[in-house]
Amino acid sequence: MSFDGYKTLIKEGDVVIVYLTPSQIYSVEALPKITNKKGNRVDNVFQTPYGALRCGDLIGARFGTKVQLSKGWAYVLQPTPELWTVTLPHRTQIIYTPDISMIILQLEISPGSVVVESGTGSGSLSHALIRAVKPHGHLHTFEFHEGRAATAQEEFKQHGLSQYVTVRQRDVCERGFGDELNDTADAVFLDLPHPWLAVPHAIRALKSTGGRLCSFSPCIEQVQRTCLALLKAGFQEMQTMEVLQTQWSVQQRNVPVVNLEFVRTEKAAGEAEKKERETAKAVVAVPPASLPGHTGYMTFATLPPLWARTLQMSLNETDIDAEGDAE
Amino acid sequence: MEIMDSDRNTIKIGDYVVVQRQGYTKLHKLKAHSKLILGSFNIEMDNIVNEKYSDTFQMKNTPGNKKHYILEKVQQINSPVETLNIEKSGSDNRHITNDNEISQVLTKEDIDKLKDEELNSNNIVGQLVNNSKTFSMKTEYSQEKYIKKKEKKYFEYVQIKRPTIRILAQMFYRQDPTKTLGIRIDDLSQILAYANIHSEGNVVLYDSGTSGLMSAALMNALGHSSTGQLIHMHPGNECQRNAFIAMQFPKEQSERCINVNLYSVLRCFYQQKNTFQEQEEIEEPEAKRQKTEETSAQKKSWQLDNERACKILNEKVDCLIITAKEHPVNIVKELIQFLNGNRNLVVFRRTQK
């Protein structure tokens, strides 16, 4: 229940982030007992490199404080969507925070927005979307895998977010988002193998006053087909981008300095040959040796409001023709 | 809600609108009989009033006045790429000499004359193509590129949009990155995410010059009809709020952003504790109460803002964001005392050290 709003004290059943180092961050549940794989009730003990943590003991502690471990200590933090993204149990490939933040800003989501997401996957993006739309907005998230849809539903309930999200199990490419969502959405997010098949459904779901769409695809071929489908449907402001995060490493470097002044004058008699080599010390930021990995291309587009749609479609026809000629 | 929505979709006098021509966007405050200078075009904006956002308008010449245009709503756009019939293309550039004087028959005066008669990208680009000696020798790719480039120059349509954080962030960065401290749209998106900005909680922002983009983006993410509050600290007498005003938040929402001067609010916090701390409930004589009410009415609005801000600071806040031109360390050291435990801090600075 620890995801909805700022909390001070850890309550029973809360998800708690155990923060050891920037690369050792875990999530646990503040429960004294859990059911293990064999179906027996056992003590809920989390093993860390710095000793065991009895999760039941966390109940009543303050979020943001240190807890003592046998060989060190850890911070216990209230989860945010960003912390959840780095600790969640993977059921699929997930979307990470640099991409997520760009998606939310580009889709122009703010409290009160109605957002349609497909597919739910591991719920990494969903948590951030829910944070952005609550308290009076709503997330409709679709997942075609039965098990994953059920797990996501259970997870939202456990995190106290059920009132802001509806999980549906459906193949949206085949069956669409459902008539009940027609003309309701401010933004649609597609993370599907064939996003172009879902474009007509997205148009039906988006409000008649227009809205934003994002399609997330790892391959450029998918992007091409989606862009063509979007153009044909009259979308405008189409833009495809990828967000690459580079990590600069901060180092202390010694830079040799060459001094050539001394060669201009003759050496005074008796003066020993000076070694004209100095070094300058500096703290520098070194760029990474290789580019960081590609996650996915994000294609953003605006569906104009109904009154401006036909105009956009007539305009786009040119681009589609031009595209056809070039092939 | 529906009524409010349809109202928001109509362009009204007093609105801040974004005017887009091709890839170029400009923010404009719509007044009665206002003019907008868009590149070399001087455009009279009256005809967009009472039309709808996302509508497209054609720039029409006004007789007898060069470079002065009025707008006319259109339902269809004629694009040169579509209408021009290209008969012949070359296979490579071996016969093309790069000499504009010779290859284009039309002089600058001729083209200006065309433009002043009627701004019609279709016609002008057609003339340019017909009077180009080299056009038919160009490859089809370079012909397409040529037409697109010329179309851009003489494009006669503009679209009117309602400002959003996305549009403003992109526009400011393109116009002059230093005006937003070099904050690009990806920087902005990550500041908002890592600061955990949502509809509740109190946020402190120290911002020394992003043209109001930071305060606007934060207020937008805190949302309308919600409880989140923003204390916007700035170093000067007046805070920058271009983007904030352009967003035209409802009154209820914009009032939850308290703009205070950094020095003055801290002075108030340290030196005038009595003005914002909860007073012991003492039964005051009626006369005295009246007197205190009078003095509070005499206070200037900035003093009241300071007191409002200090009251929130006194109870600690949930998020601290610093986007500073200055060296941020001292600012962080000073402001971090107001931050609750287990809450988020984001510091943005363009330059590395």
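Each residue's number is its place along the chain shown, starting with 1.
Using the three backbone atoms N, Cα and C, a Cβ is placed for every residue, glycine included.
Because TrEMBL annotations are produced automatically, they should be read as predictions rather than curated entries.
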Record-annotated S-adenosyl-L-methionine site (TrEMBL): member among A:Glu143, A:Glu146, A:Glu221 besides A:Ser122, A:Gly123, A:Ser124, A:Leu125, A:Asp191: A:Glu143
Three-state secondary structure, which DSSP defines for A:Leu125 (S-adenosyl-L-methionine binding site): helix
Check: same-chain CB within 8 A of S-adenosyl-L-methionine site center, minus A:Ser122, A:Gly123, A:Ser124, A:Leu125, A:Glu143, A:Asp191: A:Thr92, A:Ile94, A:Ile95, A:Glu117, A:Gly119, A:Thr120, A:Gly121, A:Ser126, A:Thr141, A:Ala152
CB within-chain contacts under 8 A for A:Gly123 (S-adenosyl-L-methionine binding site), separation at least 6: A:Leu88, A:Ala152, A:Glu155, A:Phe156
Local backbone state of A:Glu143 (S-adenosyl-L-methionine binding site), from DSSP in three classes: strand
Cβ-Cβ neighbours of A:Glu143 (S-adenosyl-L-methionine binding site) (radius 10 Å): 27
Reduced DSSP assignment, A:Asp191 (S-adenosyl-L-methionine binding site): coil
Farthest-apart CA atoms of A:Ser122, A:Gly123, A:Ser124, A:Leu125, A:Glu143, A:Asp191, residues recorded for S-adenosyl-L-methionine, distance in Å: 13
